[in-house]
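K.L.:
Before I ask anything, here is the structure I am working with.
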Amino acid sequence: MPDPNFDITSLSEEQQLALQQFTSVTDSELNAAVPLLQKCQWNAQIAITRFFDGDADTVDPAAEAARAPPPPPPQAGRRPETLIDSLSPRSHSSRRSHDQRPDTVPRIVPTPESQLIRPLPFPFSLLLLPFNLTYTLLHRLLGTITYLFPFLPRLLTRFRLSPPPRRRHLNPRDTTARFIRDFETEYALPPHSNTLPFAESGYAQAFDLAKRDLKFLLVVLLSPEHDDTAQFVRDTLLAPGIVAYLNDSARNELVLWAGSVQDAEAYQVASGLGVTSFPYACLVVHSPAAEAGSGGGAGMTRVAKFAGPITAHDFLAKMREAMAKQRPELEGLRRKKREQMEGRSILREQASAYERSLAQDREKARVKREAEAEKEKAGREERERGERIEEVRRKREAWRRWRARGIPTEPGSEVKDAMRISLRLLSGERVVRKFRPEAEVEEVYAFVECYDLIQGSAASGDAMEEKEPPEPEAGYEHEFGFRLVSPMPREVYDVKDGGRTGDRIGRSGNLVVEKVVGDDDDDEEEEG
């Protein structure tokens, strides 16, 4: 314990600054703060962490302070403010004489739990297993007692008889949800009442939301161990005028984020913002000047801050004044962003129209190619069909010339048993011809098929003996496009059935030639 007559002036400026930061956050007396800071080698952050964790006596703060990185050096041209300087009247004039550079606010991401807790090696964990089991049992026992008597922890903490309870480390969103539940419970607010429009996310997410949508960000940091916290919340933060103003502003231009410094995230935010007095609130907004000065960094500027107790009237007046001062610049940024978005929308529409036009041209080209291909295919098929029909005609004509040469001449009167057959051709002409009784039915079919050639030779006086026609090509099988039918009674004399004419028809017959429609005949009709 330090001497009651301990002289603060004997401390260096860095030690006085660390002492001021520690006492502001923990609300501790000097006789308790100085020994802990001495153990932590005057590292305020480690001392505050050990104070809230309650393990300053079990963990060696000096060894941990030796492993911790040194505090950042003071900015060039700026003298750090000490506890004596804060009490000196000259401090106000020195602040006013400081340069007017923007008070930039960093984007703070909480340290992961894996980096906060360093697991011990296995041999040490095995040695400490009995102590850990004992601690776990006592912790659960005390947890049960504090659940049955919830006023005991706060009462013991106020009389310095019990260290503050350790807060379980959660992710930013869950940490914020826990803070909102504790806030509603502590100040008797209905659950999920949304009395204050707290952002239900971590600080970094609220920071990004305010920057992206060009809104104001109101950061509220509370220290439950501080005596002014309850009064600030009840009389200022929950004042009807403040609640109505924050809810109205949150619909359009404000994001409200709050946290307790007992949580790791809020504590890191307080350290990043350089907070030394609680309760604390600040208004942050995007500033192009800050973004340019930070080399394209976060670009968020602190335009108003509230440290310590403040009345609702002063809080509201200062909020409105700061927001009214920054609103024209913010509206200009929003207008510029809208113009940029409209420009990008126009470019997207133009690109979309170009793509649609290009797609239509491609579709037209595709349809044209398909039409040309279809036309070419149809022409090719038509040529092939014509060639096929012409080939069939050629082979059929060759066969007719060859077969007409092989048809025997009509028997004369000397053949007593000759058959007399009357044929009505497809043209309507009636032809009467004699056939030998041993003649095949195929001969009658051949006569009908080659009748025009036989008649032509007879009319010209050509006996068809001048030149022997070539035989049909190998594999060609002639198909007759008609059939011979006896009308009464109706009987079909199919050439495929074969047989001799005398046996099938008799000594005489009256036959009708009926056309048989086939594929080749259809092709010939279409060709004609």
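Each residue, glycine too, has its Cβ placed from N, Cα and C.
Straight from TrEMBL, here's the annotation block:
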COMPBIAS  358-386  compositional bias 'Basic and acidic residues'
COMPBIAS  493-506  compositional bias 'Basic and acidic residues'
COMPBIAS  519-528  compositional bias 'Acidic residues'
DOMAIN    414-501  domain 'UBX'
REGION    62-109  region 'Disordered'
REGION    355-386  region 'Disordered'
REGION    493-528  region 'Disordered'
K.L.:
Pull the DSSP breakdown for the compositional bias 'Basic and acidic residues' (493-506) and write it out as helix, strand, coil residue counts.
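P.N.:
Final tally across the stretch: 7 helix, 2 strand, 5 coil.
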K.L.:
Give, as a single whole number between 0 and 100, the mean pLDDT over the domain 'UBX' (414-501).
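P.N.:
Overall, the domain 'UBX' (414-501) comes to a mean pLDDT of 82.
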K.L.:
What counts of helix, strand and coil residues does DSSP assign across the region 'Disordered' (355-386)?
P.N.:
32 helix, 0 strand, 0 coil
